[in-house]
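Below is one structure; the comments refer to it alone.
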């Protein structure tokens with residue numbers, strides 16, 4: 001039986017804990033400053049849309065291996081708070097001409113993307129369905145996740161498999177060596193601290209920074225479609241337009257921003273106004289054509305995405321005599337890559353367990 005401490009209770013940490021618990025042979029403690037139910041800009045997961053809009057420029061196992069699991073949950077597990085929703089992507093001519101080099105400078109909007117063979121029903125829409133100001137559009141079947149349901153569901157699934165949860169604030173990753181509920185020193189620590197990996201002793205990853213996301217959550221419901229445009233006309237290059245309806249009465253998310261290096265956790269009213277105006281223009285049915293005054297706002301929110309220059313870090317490292325498996329730096333794709341990353345974490349844990357069993361002195 002291996003003793004494991006998972007540091008972090010966002011979607012990445014919880015998914016890793018659940019995957020390792022499902023595997024068996026592990027005694028797991030999750031320790032974190034923030035837990036599901038908390039709202040703090042540095043605890044990003046509650047503020048996510050959350051959905052599947054593939055971002056990798058080519059096949060990526062993190063997203064490729066996560067989709068089947070989210071699809072399965074949407075089909076068979078309504079208590080997880082995930083439902084299917086058709087995604088519609090609108091491309092602006094200027095963004096397409098520039099190679100989509102804006103805030104979504106990734107593979108989402110490219111023509112003939114790799115993920116068309118992953119998600120169901122990918123099609124390019126006819127010109128008659130492309131609104132004025134857009135050069136083209138595509139659609140496919142996606143999912144949208146109610147984070148207020150899904151995160152507690154992950155906790156419940158972990159608890160059912162014996163995972164113990166503890167609140168703690170760590171100054172150094174090695175502090176986790178004293179936090180297993182068993183009282184034993186853990187064999188392995190999983191570092192899923194997200195944005196805080198840039199401040200955590202023993203890690204201090206200078207490539208990690210916030211990508212500030214501001215959204216508006218409203219009660220209005222208008223369309224079965226999840227809408228996303230490749231850029232905006234009225235904001236800076238780090239402002240976006242997307243609309244998605246969370247499952248099971250979770251409201252509709254209007255977004256948003258992707259401001260790298262911005263630590264401001266307070267919603268900006270000017271940005272909020274631009275977000276709402278874009279949303280009602282892209283989807284007039286949200287307010288029946290009455291404008292933003294008819295939006296029924298639940299809350300304005302800011303979440304600081306854990307962006308990492310060069311991409312996610314998933315690897316193993318021996319720190320002060322204890323093996324640490326890192327899983328952080330997901331930027332804006334934490335949910336849609338969560339299971340694929342957890343599968344890789346499991347592989348690294350299995351490698352460590354095999355080495356320890358062989359008596360390797362590393």
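Quick reminder: no glycine exception, Cβ is built from N, Cα and C everywhere.
According to TrEMBL, the features are:
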type    : residues      : note
BINDING : 44, 45, 193   : FAD binding site
BINDING : 242, 305, 332 : D-dopa binding site
DOMAIN  : 4-344         : domain 'FAD dependent oxidoreductase'
Quick tally, other C-beta within 10 angstroms, 44, 45, 193; top of the binding-site residues is 193
Within 10 angstroms of the C-beta of residue 242 (D-dopa binding site), the count of other C-beta atoms across all shown chains comes to 23
Taking the residues the record says bind FAD (44, 45, 193), how far apart in Å are the two Cα atoms that sit farthest from each other? 11
Largest CA-to-CA spread of D-dopa binders 242, 305, 332, angstrom: 16
For residue 305 (D-dopa binding site), which residues of its chain lie six or more apart in sequence with Cβ-Cβ distance below 8 Å? 44, 195, 210, 211, 212, 213, 258, 330, 331, 332, 334
FAD site, defined by 44, 45, 193: further same-chain residues with Cβ within 8 Å of the Cβ centre: 8, 10, 11, 12, 13, 34, 42, 43, 192, 194, 195, 196, 306, 334
Taking only the CA atoms, the spacing between residue 242 (D-dopa binding site) and residue 45 (FAD binding site), expressed in whole angstrom, is 18
D-dopa site shell beyond 242, 305, 332, criterion: Cβ within 8 Å of Cβ centroid: 48, 49, 211, 213, 240, 255, 256, 258, 331, 333
